[in-house]
Amino acid sequence: MKNSNKLIASVVTLASVMALAACQSTNDNTKVISMKGDTISVSDFYNETKNTEVSQKAMLNLVISRVFEAQYGDKVSKKEVEKAYHKTAEQYGASFSAALAQSSLTPETFKRQIRSSKLVEYAVKEAAKKELTTQEYKKAYESYTPTMAVEMITLDNDETAKSVLEELKAEGADFTAIAKEKTTTPEKKVTYKFDSGAINVPTDVVKAASSLNEGGISDVISVLDPTSYQKKFYIVKVTKKAEKKSDWQEYKKRLKAIIIAEKSKDMNFQNKVIANALDKANVKIKDKAFANILAQYANLGQKTKAASESSTTSESSKAAEENPSESEQTQTSSAEEPTETEAQTQEPAAQ
């Protein structure tokens with residue numbers, strides 16, 4: 001949640017400003033602060049804060065939140081939001097209220113942020129489903145490792161982890177016994193089962209296990225815990241690996257989940273989905289102070305790309321009309337020398 005807190009805090013900062021402005025929208029000169037010889041109006045406050053980096057980021061989040069609420073609002077239920085909220089509360093335990101307060105959040109503002117995140121998440125997953133081609137399935141199958149049974153030791157510092165690894169390498173070492181003695185996990189849990197698409201096990205641990213043969217033991221694997229921001233250290237031993245079937249369709253359901261999960265984590269893919277939603281909403285920036293907040297989504301949306309291509313074609317046509325001789329010369333030159341794309345296409349034939 002610490003990552004989320006940083007993001008949410010920025011959202012709340014400007015959301016509060018915008019809420020204040022909205023409440024006083026009938027008169028931007030409404031006074032919110034008075035003092036001897038001076039006053040501060042809603043307009044003063046808005047103009048003072050709108051150019052800050054926090055406000056820029058917060059306005060972007062506010063726009064995205066409104067756009068996705070309008071387009072996907074019926075896809076996320078109150079029950080889902082409540083469930084996610086309580087899960088986070090349980091993870092933080094007694095410190096949850098303090099964590100909210102530190103981020104200038106109330107339970108309701110945090111729930112609104114959860115809802116916005118889930119709306120984007122839904123849209124991304126729906127877009128990912130449209131990418132489920134046979135080629136994508138086969139690509140996912142190539143890197144897929146079926147269920148593995150592993151024993152895993154979790155440790156809190158590098159020095160201890162290296163010492164434990166040396167102990168495991170000693171002749172006759174009993175991995176299971178050492179694991180149960182040394183691991184720092186609750187209830188001394190050391191046995192796990194997962195495949196290469198597991199999301200409840202650190203990615204680097206999954207990769208290490210996937211690369212091992214039965215009986216193989218990994219080196220020390222260092223992983224930054226995204227919740228505590230503390231490093232954890234893992235050592236894994238693969239005790240059994242399921243044989244991989246030759247037909248990818250045997251794993252189609254699982255591969256589908258993996259493909260969707262991977263695309264959902266892909267920031268470029270996420271940005272394209274957001275860009276398309278912004279295009280569909282026909283978002284227009286009215287205040288030049290926020291002119292660049294959507295720059296990262298420029299030319300990613302379908303409409304934006306089409307408009308850009310149309311503009312390029314139009315400009316090229318106009319240039320050709322104004323300089324016919326230059327256009328003819330360009331065409332002649334193009335006919336004599338293959339374009340970069342043509343050259344790339346021709347290379348395999350020459351091999």
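Positions of Cβ are set from backbone N, Cα and C atoms, glycine also.
Annotated in Swiss-Prot:
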| type | residues | note |
| --- | --- | --- |
| SIGNAL | 1-22 | signal peptide |
| LIPID | Cys23 | S-diacylglycerol cysteine |
| LIPID | Cys23 | N-palmitoyl cysteine |
| DOMAIN | 145-240 | domain 'PpiC' |
| COMPBIAS | 303-317 | compositional bias 'Low complexity' |
| REGION | 303-351 | region 'Disordered' |
| COMPBIAS | 326-351 | compositional bias 'Low complexity' |
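Model confidence over the domain 'PpiC' (145-240) is summarised by a mean pLDDT of 96.
Summarised by DSSP class, the composition of the domain 'PpiC' (145-240) is 32 helix, 27 strand, 37 coil.
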